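As recorded in Swiss-Prot, the features of this protein are as follows:
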- 166-173, 191-195, 212-215, 279-282, 308-310: GTP binding site (BINDING)
- Ser173, Thr193: Mg(2+) binding site (BINDING)
- 1-159: domain 'Obg' (DOMAIN)
- 160-327: domain 'OBG-type G' (DOMAIN)
Amino acid sequence: MNFIDEVKIYIKGGNGGNGCVSFHREKFIDRGGPDGGDGGRGGSIIFRSNHHLNTLVNYRYKQHFIADSGENGKGSNKSGKSGKSLTLDVPIGTQIFAEDSDILLHDFTEDDQTFEIIKGGNGGLGNSHFKTSVNQAPRRRTEGEIAEEMWVQLSLKLLSDVGLVGLPNAGKSTFLSVVSAAKPKIADYPFTTLVPNLGVVYIDDEEFVIADIPGLIEGASQGHGLGDKFLKHIERCNVLIHLIDGSSEDVVADYNIVRTELESYSDYLKDKTQIICLNKIDVLTDEEIAEKTTQLQKITGKEIFPISTYTNTGITKIIKLALQTIKD
């Protein structure tokens, strides 16, 4: 399935039905009173979050959504039927913005939330409402209300507890496959991961969701590579696991590239707690591990965790630390 996280769609509520002009007709009664019924109310447009969805692909090709209009009123004081409301399902984490603006209309953070964005138009009044002492046979009625219409932008920000960040080939996809049941595409070339992947980690009778986004490169926050398109998906995370390729010739430069891109993208990411891991230590000597760990400690001022997704060295410790950070 295609991963689509940005769409623009047109939505319109159903118009109200028109009121009816009608007069009572019965045998032996020549001039019955007005009995025109009211028009039915138009249907509303409602968004609903659905945990079974993880992409906005349903709105990629169909982009116009209109609720049913109410039926016109009828004689014998019969009101028209109300139009059926239209419910549009979206993934949890979807945000709705007014067209071409930063005005947030709604943010879905839980399953089965609903948001009525457009109400259907009110039905018009039948002529029975306009009978007076001086006008016993009114031919007046009102038309149904025209419902609101608008274009909206849907933006999906995946909900996860932990975000994986690092340069391409830092080992993020392998890490995700080791700690969860997720099956991301894994290969030894940059940008194997082209879309975000989610995995659920189970440990000590608890669980949390971890997100792997495409690798960052220098200039990602300005649109280079793939990373800037998907950085928003880790803005909601509690903690970031920053993987650094231990086989790199300059681990400090690699760390600084990712740190700079996170800081440039948003304050949300800049202030996230990070667990910094020196990955792929299975290809390093003990001396190289010690040297690169020390280099990173000096530049970050934080503890560095040597790990290997190939031998599973240090993985459990990282997962437990991530869980504890989430709970704190």
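Glycine too: its Cβ is placed from the backbone N, Cα and C atoms.
These figures come from a predicted structure and were not determined experimentally.
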Report task. Within 10 Å of the Cβ of Ser173 (Mg(2+) binding site), how many other Cβ atoms can you find? Include all protein chains, please. Result -> 24
Requested in this report: Take the Cβ of Lys172 (GTP binding site) and count every other Cβ within 10 Å, whichever protein chain it belongs to.
Outcome: 30
Query raised in the report: How many whole Å apart are the CA atoms of Pro214 (GTP binding site) and Ser173 (Mg(2+) binding site)?
Result: 9
Report summary line: For Gly166 (GTP binding site) and Ser173 (Mg(2+) binding site), the CA-to-CA distance in whole Å is 11
